[in-house]
Amino acid sequence: MIIPKTLEEIELMRQSALLVSKTLGMIATELKPGVTTLELDAKAEEFIRDHGAVPGFKGLYGCPSTLLTSVNDQIVHGLPTDRPLEEGDIVSVDCGTVMNGFYGDHAYTFEIGDVDPATKKLLQITKESLYVGIREFRLGNRVEDVGSAIQRYCEKEGYTVVRELVGHGLGRKMHEDPEMPNYGKPGNGKRFVEGMVVAIEPMINLGTRNIKQLNDGWTIVTRDGKPSAHFEHDVALVNGKPELLSTYQYIYQALGITSNEEDEFRAKPLVL
Ligand code: MG
Ligand code: MG
């Protein structure tokens with residue numbers, strides 16, 4: 001059952017989402033060759049607790065870490081390790097918080113130094129597909145309108161869409177209804193309702209869409225060892241339209257990137 005949120009609740013969720021955004025911005029300043037994902041994980045936990053919140057993943061379903069850090073052919077759910085990041089790696093950093101009783105859940109795939117052009121393009125297209133999907137999250141549409149738009153956008157580049165892992169409703173629980181697959185048929189699935197909040201999160205592979213899980217019981221990798229990208233925003237349906245609760249602006253500030261990709265989704269701030 002979809003649980004719509006009031007405007008007040010959406011404001012609380014925005015604070016939780018923005019804390020994840022700030023955490024990812026902090027991580028962006030730390031990412032360089034030689035750093036381990038375990039070190040990043042410790043910094044993220046400290047940062048979140050310093051801001052009066054608690055990590056959203058740690059302890060959830062037995063997850064041992066604050067961040068999930070998926071490197072190169074790892075798709076999602078990568079557990080932090082003591083392997084130093086290397087020039088040319090990509091690392092998807094997924095982070096959750098609980099603040100005000102609500103979850104934030106938000107991810108970005110970072111480049112470590114110079115990344116090969118084919119992988120760079122995979123990241124670019126995957127991030128663009130996130131916004132292509134978000135645009136379809138509006139009143140009158142249904143769940144698979146989002147997924148099919150993401151799928152079309154990525155498959156026309158020859159990429160593949162992971163089937164086994166999907167986006168989701170978000171709220172007082174990390175995973176609420178509905179599931180938000182990154183594939184589907186236009187016009188199919190549950191109808192969107194005013195006030196609902198979802199995490200939209202394309203997981204897109206350069207090669208095969210098939211996956212396997214590592215022996216750690218968590219990390220999901222591509223079956224062919226080719227790279228995978230993952231970007232995730234939290235989005236509320238307000239006045240019939242998508243409103244971004246999370247932002248990549250903290251990451252872009254840290255990395256010196258200029259982008260107006262989020263502007264068209266940023267309606268005027270809600271008046272309570
Ligand atoms: Mg996530
Ligand atoms: Mg998620």
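For all residues, glycine too, the Cβ spot is worked out from N, Cα and C.
Binding of divalent metal cation 1 is annotated in TrEMBL for Asp94, Glu232; the matching candidate from Asp82, Asp105 at the same site is Asp105.
Site annotation for divalent metal cation 2 in TrEMBL covers Asp105, His168, Glu232, and the matching candidate from Glu201, Glu261, Glu262 is Glu201. Taking the Cα atom of each, His77 (substrate binding site) and Asp105 (divalent metal cation 1 binding site) are about 13 angstrom apart.
Across the structure, Glu232 (divalent metal cation 1 binding site) and Glu201 (divalent metal cation 2 binding site) place their CA atoms 4 angstrom apart. Of all the binding-site residues given, namely His77, His168, His175, the one with the smallest number of surrounding CB atoms inside 10 A is His175. By the rule that a residue counts when its Cβ sits under 6 Å from some atom of ligand 2, the binding-site residues His77, Asp94, Asp105, His175, Glu201 yield Asp105, Glu201.
If you measure from the Cα atom of Asp105 (divalent metal cation 1 binding site) to that of Glu201 (divalent metal cation 2 binding site), you get 10 Å.
Neighbours of His175 (substrate binding site) among the binding-site residues Asp94, His168, Glu201, defined as a Cα within 10 Å of its Cα, are His168.
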